[in-house]
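Remarks on the structure that follows.
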Amino acid sequence: MDERIISSETVDAEEVSFETSLRPQTLSQYIGQDKVKNNLTVFIEAATLRNEALDHVLLYGPPGLGKTTLAMVIASEMGSQIKTTSGPAIERPGDLATILTSLEPGDVLFIDEIHRLSRAIEEILYPAMEDYCLDIVIGTGPTARSVRLDLPPFTLIGATTRAGLLSAPLRDRFGVIDHLEFYTEEQLTEIVLRTSNILDTKIDDLGAREIARRSRGTPRIANRLLKRVRDFAQVRGNGTVTEKLAKEALTLLQVDPRGLDTIDQKLLHTIIQSFRGGPVGLDTIAASIGEERETIEDMQEPYLLQIGFLQRTPRGRIATETAYNHLGISYEKEV
């Protein structure tokens with residue numbers, strides 16, 4: 001496949017628009033992440049009672065789990081406007097200064113991929129986050145002088161798939177740090193049913209569960225698979241997504257019962273057949289299957305680790321007995 005249907009990254013502008021149309025507006029509508037939601041409910045209510053901006057929030061976890069959606073829900077619950085940007089989009093200190101000085105009291109600033117901010121940009125954020133002020137330098141050379149501008153109280157929400165790449169000074173300035181976890185099959189089934197209702201697509205409970213089962217614990221993938229299975233239901237079925245039709249469609253889309261596609265299987269086969277199950281270094285795996293190291297770390301490893309198909313050790317990656325069994329390969333434990 002040219003495009004991984006089970007990729008947890010957004011593919012194009014059309015998919016971004018599709019996701020936006022599905023987003024809940026309140027925490028009560030947001031499915032899953034119950035611990036995170038319960039804590040945020042308390043923090044938001046407390047900030048509202050004190051008439052203060054919510055403390056800065058860092059959301060981290062694999063792609064597609066709802067970090068952007070949750071940021072927008074937080075802003076909605078606070079009755080605030082949200083301005084969105086991303087780490088790579090803020091190239092110069094002036095870019096960030098322009099955004100910060102445009103904020104109104106109580107606004108939410110959402111920075112996706114916040115781990116990709118440069119250190120120079122981070123240093124501007126420190127006083128903005130701590131003291132709601134902005135230090136800028138006017139002029140150059142001997143006549144240069146520093147001017148401090150006051151900023152209105154605001155909430156910064158940062159999202160990242162790689163929290164370990166954030167500098168300690170930046171990470172320490174977030175008052176709320178939440179990790180988003182993979183979703184359960186039951187939660188994803190509920191999401192699929194909700195999305196099908198919004199799309200006016202007929203689906204039965206078993207059909208929804210079959211899609212959920214193969215969605216890698218990720219709502220973005222569940223919604224994408226539903227769209228594709230819906231196509232099969234309309235063209236090759238009677239318009240209703242049943243368990244039988246979902247299985248047939250997902251098999252044709254090369255998504256197996258555990259949500260693995262050909263690239264996942266190639267990775268596991270490489271570890272097992274070329275390196276006797278491991279341990280083998282990530283760079284070696286990447287070179288062997290023709291993928292970038294970062295792609296494997298962000299897109300494939302988290303789920304394979306979650307379902308117990310892969311182990312990460314100081315010496316490298318190891319395919320587990322569960323992975324052998326799933327691929328139908330005989331497992332011989334070394335003595």
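Heads up, the Cβ atoms here are built off N, Cα and C, so glycines get one too.
Going by Swiss-Prot, these are the annotated features:
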- 1-183: region 'Large ATPase domain (RuvB-L)' (REGION)
- L22, R23, G64, K67, T68, T69, E130, D131, Y132, R173, Y183, R220: ATP binding site (BINDING)
- T68: Mg(2+) binding site (BINDING)
- 184-254: region 'Small ATPAse domain (RuvB-S)' (REGION)
- 257-335: region 'Head domain (RuvB-H)' (REGION)
- R293, R312, R317: DNA binding site (BINDING)
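Taking the features listed in Swiss-Prot, we show where each one sits on the structure.
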residue : record           : contacts (Cβ under 8 Å, 6+ apart)
L22     : ATP binding site : R194, T195, I198, N223
T68     : ATP binding site : T84, F110, D112, A159
E130    : ATP binding site : R173
Y132    : ATP binding site : D150, L151, P152, P153, F154
Y183    : ATP binding site : I31, G32, L65, I191, G217, T218, P219
R293    : DNA binding site : L282, D283, A286
R312    : DNA binding site : E301, L305
R317    : DNA binding site : I271, G278, P279, V280, G281, L282, I285, E301, L310, Q311
The region 'Head domain (RuvB-H)' (257-335) - residue tally per DSSP class, helix then strand then coil: 42 helix, 9 strand, 28 coil
Extra residues within 8 Å (Cβ to Cβ centroid of R293, R312, R317), DNA: G281, L282, I285, I296, E297, E301, L310, G316
G64 (ATP binding site): tally of other CB atoms within 10 A of its CB: 28
Residue distribution over DSSP helix, strand and coil in the region 'Small ATPAse domain (RuvB-S)' (184-254): 51 helix, 4 strand, 16 coil
Reported mean pLDDT - the region 'Head domain (RuvB-H)' (257-335): 92
Residues R293, R312, R317 binding DNA per the record - widest CA separation, whole Å: 14
